[in-house]
Amino acid sequence: METRGNSLASVTGTDGTKRRVCYFYEPEVGNYYYGQGHPMKPHRIRMTHALLYHYGLLDRMQVIRPVPARDRDLCRFHADDYVAFLRAVTPETQHDQLRALRRFNVVDDSPVFDGLFTFCQTYAGASVGAAVKLNHQHHDIAINWAGGLHHAKRCEASGFCYVNDIVLAILELLKMHERVLYVDIDIHHGDGVEEAFYTTDRVMTVSFHKFGDYFPGTGDIHDTGFGKGKDYAVNVPLDIGMDDDSYESLFKPIVSKVMEVFRPGAVVLQCGADSLSGDRLGCFNLSVKGHAECVRYMRSFNVPLLLVGGGGYTIRNVARCWCYETGVALGIEIDDKVPPNEYQGYFAPDYTLHFAASNMENKNSRQSLDDIRTRILDNVSKLQHAPSVQFQERPLDTEFPEEDEDQQDENERYDSDSDSEMDDPSPVDETSSRPPAKNTQNIRAEKDFVENGVKDQESRKLAAECVKGVEVMGEEMPSCSKTSGIESMEIDEPSNMKVKEDKHAAP
């Protein structure tokens, strides 16, 4: 199929250099259903995939069907008793496990649904598999739009997230790279990832998010890390109505300084689409192009890049955004006119990829943005050089004998009828794109769920101990019981590292 687009360089004058891109997709991912009325809809991943197919983008990258993550893979970060619970619980048995449900926070906005554990294995396996591809230097950019569930904690679910695929992918990247940068453009603070790496200087987390009486309630500008991780957590707290120009005025200078000082060997970019204008749970005012400019900018550094999804609850716009950003990753500017597809009704009446931002008020004043930018740049500049680690033999890669869908027959790569009973191309109410489940849930919208207060530094320190190191995969992890506390684990050291300062680091 011919791609409906042109090189980015010819259209925008930006970096249009071709990148080797792989894309992870599980055809069954769209079948998972959180419950009636729940805003999180995996169906959006299938819609995104349909657009990629009809735009001809699948022919421009390696399409890989992920292998599900095993229990021992998940336990590199998560507690074994938590993983065992996720594997065992079902909608039919959950009423007999109320104590465990509360203990692991699998309630309300993070409900039990059919196939929950398989869903977690799927999106986590894709992110870890993508990291392995980058480590092998087979690809420059790896994409997993089903991933990006950044709220999940070591011992509990949170904010629609059960397994933190991002933490698992970063741990895999750390086997090869001295330093990994995590950037989060979801409207919600990337608390789970920040908390996991809060005490290490080998992972820097940078989160741009709505702050103040908003889920999850963390991400204050003063929260910058602890111990060795001091100043390696960067929080950019924003207010309602953030538009493209305001966002770019912060994103580019902050990321540029971080890249200059931290010198990461790989970057993970969480592309939560709930920061788009008109999101069902969001309150920012970004356009698709404004959101994608972050992808374009990270791509320009030519550092191994992992793109994952995240939030996004107006699903027609999520599909638009991630389709366009896949084109950006490939260096292709795709047409605005959406090609005919089985979800055509979602994009009515204009049938275009891009949509106008709203006229909502931007409550981020120029002065407040200047103050935030100045403070953060000053903090990052305090880092005198990129940290280095001792030479050690490189740990073994996680083994994922993934299925390469490029090797399948073209007719099998995309089957528009595989889920025909759920693929209604007519205009649809997005709150009811799937039939009601047998066990319906009363769901709290994510933006209405606010924790009681921001966690103090000591609680962050305690929670972060779980990745102060991470044991070699497969070794027994401490339980998540409150009596045992959180034990220290070892982060795998990369290969070919020297005990000296990075000669390329800023003075």
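A Cβ is built for glycine as well, from the same backbone N, Cα and C atoms used for every other residue.
According to TrEMBL, the feature domain 'Histone deacetylase' maps to 38-326. Summarising the annotation, TrEMBL assigns substrate binding site to Asp109, Gly159, Tyr313. Feature annotation from TrEMBL assigns active site, proton acceptor to His151. Feature annotation from TrEMBL assigns divalent metal cation binding site to Asp186, His188, Asp274. Positions annotated as region 'Disordered' by TrEMBL: 387-460, 475-507. For 399-409, 417-427, the entry in TrEMBL reads compositional bias 'Acidic residues'. The compositional bias 'Basic and acidic residues' annotation in TrEMBL covers 444-460, 498-507.
A map of TrEMBL features onto the structure.
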residue: His151; record: active site, proton acceptor; contacts (Cβ under 8 Å, 6+ apart): Ser158, Gly159, Phe160, Cys161, Asn164, His188, Gly190, Asp191, Gly192, Pro216
residue: Asp186; record: divalent metal cation binding site; contacts (Cβ under 8 Å, 6+ apart): Gly148, His150, Ser207, His209, Gln270, Cys271, Gly272, Asp274, Ser275, Gly310, Gly311
residue: Tyr313; record: substrate binding site; contacts (Cβ under 8 Å, 6+ apart): Pro39, Met40, Lys41, Asp274, Asp279, Arg280, Leu281, Gly282
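A simple way to gauge crowding: the CB of Gly159 (substrate binding site) has 23 other CB atoms within 10 angstroms, across all the protein chains here. Excluding Asp186, His188, Asp274, which define the divalent metal cation site, the same chain contributes Ile187, His209, Gly272, Ser275, Leu281, Gly282, Gly310, Gly311, Gly312 within 8 Å (Cβ to the Cβ centroid), listed in sequence order.
Taking every pair among Asp109, Gly159, Tyr313, the residues recorded as binding substrate, the greatest CA to CA distance is 14 Å.
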